[in-house]
């Protein structure tokens, strides 16, 4: 049988999967690199590595996981993902399943570390104890989600072949992945609510609502998650033409979810108008609500502009600092 090569057809979707996943990766990588470069380039003396903070390093870690995730997906395509699974050689079938199994770990790590970067940004805003406790609760949920997802994936099928979802006895993989995605979506919605509640305390111009809108972009996760669950429910294991790890539609949805999470984490830092948010803070507002003592003698946090994204990671500081 002649190899279809890079030709896209109904029975050979591999190249389309490869292109879609790498476009998603490049877009998320551009966002991460732009955020980090903007942070390093702040000031008059060029890029400074020490200006990076914990959330930046978490995003670098996220991008590393995303890179491995996409390389594994490309390898799956190279061995036949996107083509009828049982038309592949036995060796290719095994490789597609093993690569897909490994990519699931990288997927969870990518999502989890991106969520953690967003949570750290909220913690670095130094909110009141009430909101700090809520952020710590979300942080605990995120860590629990990561560990439970990794454990479930590791033992999803019987040993010694936990990657073999067709030839081994497995737990309900459709229920597993639906639960993983739903819990992640709910956790992100909770994070949006807490972050917006923190920002709602700011006595600023109407531009604060723009920032709240940017932080709320995470809700876009609902779209690819809904499609992924839809395709999961269509995947009937007893009559499946391919394993879940070889389902190209589910794979594309996973790439979109990872990209959406990374972009939503970086987006608030990439809009220049955020640098011009006006201050309405008093000394008490700044010190009591955000724990910031860098206030000038006039009793306000800065004379003309309050750079909201400049508390440590966000780096809240006086715009007239020398």
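Note: Cβ is positioned from N, Cα and C throughout, glycine not excepted.
Unlike curated entries, TrEMBL annotations are predicted automatically.
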With TrEMBL as the source, identify the stretch among 38-56, 209-227 annotated transmembrane segment. 209-227
Counting a contact as 3 or more Cβ pairs under 8 Å, with residues at least 6 apart in sequence, do the transmembrane segment (174-202) and the transmembrane segment (57-78) touch? no
Quick check: do the transmembrane segment (57-78) and the transmembrane segment (247-271) share at least 3 Cβ pairs under 8 Å, counting only pairs 6+ apart in sequence? yes
So, taking each listed stretch (16-37, 209-227, 247-271) in turn and counting its Cβ pairs to the transmembrane segment (105-125) that are under 8 angstroms, which one gives the highest count? 247-271
